[in-house]
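K.L.:
The structure is given below, and queries will be raised subsequently.
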């Protein structure tokens, strides 16, 4: 009974870790395949082909031809690893061109030297396999042209990115200028409306105050002091009411103007953030 309770109290074993993802096979349609990716894919399939080649020949051929089989397999393995090195360091040269620190020259030199060594290994293997030096030289020329084409393609993409960035910055500057002009026009219109409303309200207040004074003066001769005080309080309250309405209208215009200035500030901040993002994409 106690053993069963101990077994129940033990936690379950952890689940096994997920298997590692398979190496890229070059069949992803959503990812642009460049020169380095294509070479890596070919090297991957060469290695798998060599492994299958060794397994099949182990059962189909007698042991007296194993020396030739092993030499062929080793040649293909060296070829695949040379292709891996070429793909790695052809990408490294492009990465070094995008660096702006002191290690850019060192990275470029190491990448170029390793690229030359790997290309030479591939040429030697091709020459020994085919028995013709011309085929090895042709292979070196093909690899050099492919690396040069990849570098030119990368430079063309950089130029296109710079042009797109310049167009986006021009659009941002133009939209920011338009927004400033619109806000300035609205402010001028609001100021003009404020002046007109202020003049109208002041004229109404002056006329109302003048009428109230005349009424008080005309009625003071025939009314008692209490009636005069009540009339003064009445017209004073009327004057205060009109004055409060005037201040409310002016306050409303000030709130609208403050809201427009806040919108202009947010538009400027958004344009600055977008410009920084565009410059950040150029750095990468």
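Here the Cβ of each residue, glycine as well, is placed from N, Cα and C on the backbone.
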K.L.:
Transmembrane segment per TrEMBL: which of the ranges 107-127, 170-190 is that?
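P.N.:
Matching range for transmembrane segment: 107-127.
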K.L.:
Please identify the range among 66-86, 192-212 that TrEMBL labels transmembrane segment.
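P.N.:
Feature transmembrane segment in TrEMBL: residues 66-86.
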K.L.:
Name the residue range among 39-60, 215-236 that TrEMBL annotates as transmembrane segment.
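P.N.:
Transmembrane segment, as annotated by TrEMBL, spans 39-60.
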K.L.:
Among 13-32, 133-152, find the range that TrEMBL records as transmembrane segment.
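P.N.:
Within the set 13-32, 133-152, TrEMBL attaches transmembrane segment to 133-152.
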